[in-house]
């Protein structure tokens, strides 16, 4: 029991940044844009968050600055792909290369500096042996869950959300009935950047209080996979993020504790989220249910033939 | 055909010296240029950081007599081969390739530059102008093991490794052998995370082990992530790896194993300057000051410090070798008979765990 | 007040098509110079070392060839696929699987000799790359699953396969426990084609591959069909061109070439499989394909340009202490600028006076 709770607490910690980044990417993709620069934006958020926390000691300010860094980077992507109709795949990859390089350059002098982790929001309950599984986390874990509801509500129940989905499903008809496709997509891309930045900042602020080059170690790509895995739906994303987190964490618990699971090669554990994503993609398409498929305009530049 | 290659070198050399002219004012004696190749970033707080400290140590001690250059984040394979060649061609007369994976490249390039001295860390392939060097980190592990054996309340330690290579296996075994001399019930669980640099995964591995009852943690990955989790969870303690990491976990680091390559690099540089360099095969440790112990934390009781110091000084004066039999493997079978000490060759290819290690699948 | 607006060109501009990549490279040099000067490096020297030294120093030419070869081969395949609007971004995975298949052949024939071993390795590499690329092709044509996502996911899975194989079944018995395969026999290594240099057979193969692809794409019905399907899928359907067949062809060509590049790389510079084998050639080749304007001839030039930044980046580390990250920043800037310039191919900037724009509205 104690161990189960301990595992769950670790799972939530490991899942939270992936969930936050994936939520941002979900909104971006729902608007019809594929931004493969998540990993790069996360690293920029991580270094910005680290630097601000190191100099000010304020975790919340650090999260905000992480978000700002991610958003700034996403504007490069937005300008190229939306204003200049550049290829989204290539631009996203360039953004990841840029974020990896720039964060490493900016962080070079911060490597030997420790910061402090964010404290749990409910310190008394966080010490409780059972209740900590619900109340034992710092702000980002709750923020992530709140955002699942908020994004679900936004997409399903608000006019703006409807417009965003319309833009992602059929940009030309959205354009023809008078919506600004480019403007909507700009907002979505900036939101995605801010979320990726926060997700990156979670690494030094909630997981391991230090700066290390490339410290997100591919989680940005897992977030991209997760959006697909969740077939672009916020609540499936929530479940999927915890499932991915569980896979990543169970490997370590199994190895540390022995038992049958520890016999699975670590390479298989590491490949599992990606293989699972492909399997889910296949399962979705087998259902032939149009509404569960990818946004129709995903990855295609908006080209009104004016 | 060799003619064309000489032509290549000549033209290349001329092109390369041009930009360097500004740096070396005329009339100065020729400096010894030394190249360092690192597999990771010099800011990793661990393995590569330590090698770079060694480089700075040489500069400090030899001042104007040397000039050093380094290339970081060099992938093994053709990229490394190019960097080795680049450094040799730029006039480096002594080149340190500081990672195991660089071995093939060094062996390939070295014959092209017979007047350059190459040294390859932790490798096994020698040549006429390629020497090998390594450090006996296991000696430091044994000191840590003594402290762990005394201080652990659960008699369980965790050990985070990257890959199960002999260097890591040897370190785990040394740690547990020393700890079991103090407490025969002591066990250690290794967890391999298949990466050198994923601090979040290291931290989660530490959490996984602490949640399952270990109260001492050691690691063979770069960086302080595991130590920081140990601090956060308030377990008995952990050990710095590669460098003094007390800044990251001031209340938790019991001591640290410090890679102190400086003296070795200095000796090699002096040998090249004096023209006495010969390809060596050195494996230095506490005695030669290439492995150092960090300061003992104030919460380590005095008698434990005494015991740890005894282990340290014993290894320095040669009276203690941690891999002296009887040693059983993890199944209980005797592998080393009483009174017999394992040879260096046996240690460097160690692929079995001693008693007390709960072996990974 | 002057205003500018974009006006669609009746036809893509040839000048801009070939002018923008050149402008992107030049602008990258200027902006890079400013950026690195601003943060305290010698920006001018940085640009000089990264972009010019590899060209002016003939000794570096062989490095450029070796570094560019896999980029050109993969980039050629990708340019064919992208022309057909098939977004295979998993070339890295196909490259890895190709290399693993070739490694498998090399290990099975270990100790044997014979001219047939290398061709078999090449066929195995290509077939494996094709097979791996056929997964996204199948899913795309049968189930309409986005190939960008599936090919990307497969890349990450393939990296784990390397780790598994070299840690387990393929581990070198002589490698003192390190996770790597054994060194290939002589017959499984690519021969050098210019004695005294490191230029291997892969370099001319890269150029030949690109030339053949250029001929096929611009001079044959097949190439015409691929381009039509890419440019106007609806029109193509009416014209009787099968989109399914095009997707399959695009995937198999790009996957097969990536697999071939993997074989050449493992049999050439590496000569064994190591954990550091994946060095993102498959991703860098995406930049190469775009910088080369999805034209195989352009890909040759773009491959060399990218190789220059890699080789020069390492030169700059040793000569002016520029950090390793600079290379990535330069490459990203170059791609950003190129993509930004893309719009000038299809649109022209018109300066319009306020009255005119009012009139137009």
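Backbone N, Cα and C atoms are what each Cβ position is placed from, and that goes for glycine too.
What TrEMBL says about this one:
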TRANSMEM  C:21-44  transmembrane segment
TRANSMEM  C:64-82  transmembrane segment
TRANSMEM  C:94-110  transmembrane segment
TRANSMEM  C:116-139  transmembrane segment
TRANSMEM  C:148-166  transmembrane segment
TRANSMEM  C:193-217  transmembrane segment
TRANSMEM  C:247-267  transmembrane segment
TRANSMEM  C:273-291  transmembrane segment
TRANSMEM  C:298-316  transmembrane segment
TRANSMEM  C:328-345  transmembrane segment
Top stretch among C:64-82, C:94-110, C:193-217, C:273-291 for CB pairs under 8 A with the transmembrane segment (C:116-139)? C:94-110
Considering pairs 6 or more residues apart, do the transmembrane segment (C:148-166) and the transmembrane segment (C:247-267) have at least three CB pairs under 8 Å? no
Outside the transmembrane segment (C:94-110), at least 6 residues beyond either end, the same-chain residues with a Cβ under 8 Å of its Cβ set are 70, 74, 88, 117, 120-122, 124-133, 155, 158-159, 161-162, 165, 170, 181-182, 184-185, 187-188, 254-255, 258-263, 265-267, 272-273, 277-278, 281-282
Could you give the residue numbers and ranges of same-chain residues that sit at least 6 residues beyond the transmembrane segment (C:298-316) on either side and whose C-beta is under 8 angstroms from one of its C-beta atoms? 18, 21, 25, 45-46, 49-55, 60, 63-65, 67-69, 71-72, 75-76, 79, 206-207, 210, 284-285, 287-292, 322, 324, 326-327, 330-331, 334
Among the recorded stretches C:64-82, C:247-267, C:273-291, which has the greatest number of Cβ pairs closer than 8 Å to the transmembrane segment (C:193-217)? C:64-82
Are there residues at least 6 beyond the ends of the transmembrane segment (C:64-82) whose Cβ is under 8 Å from a Cβ of it, and what are they? 54, 88, 91, 95, 198-200, 202-203, 205-207, 209-210, 213, 217, 226, 230, 250-251, 253-258, 260-262, 264-265, 268-269, 281-282, 284-286, 288-290, 292, 294-296, 298-300, 302-304, 306-308, 310-311
Same-chain residues at least 6 beyond the ends of the transmembrane segment (C:247-267) with CB under 8 Å of its CB atoms are 69-70, 73-74, 76-78, 80-81, 83-84, 86, 88, 91-92, 94-103, 106, 118, 121-122, 124-134, 136-137, 140-141, 147, 184, 188-190, 200-202, 205-206, 209, 222, 226, 273, 277, 281-282, 285
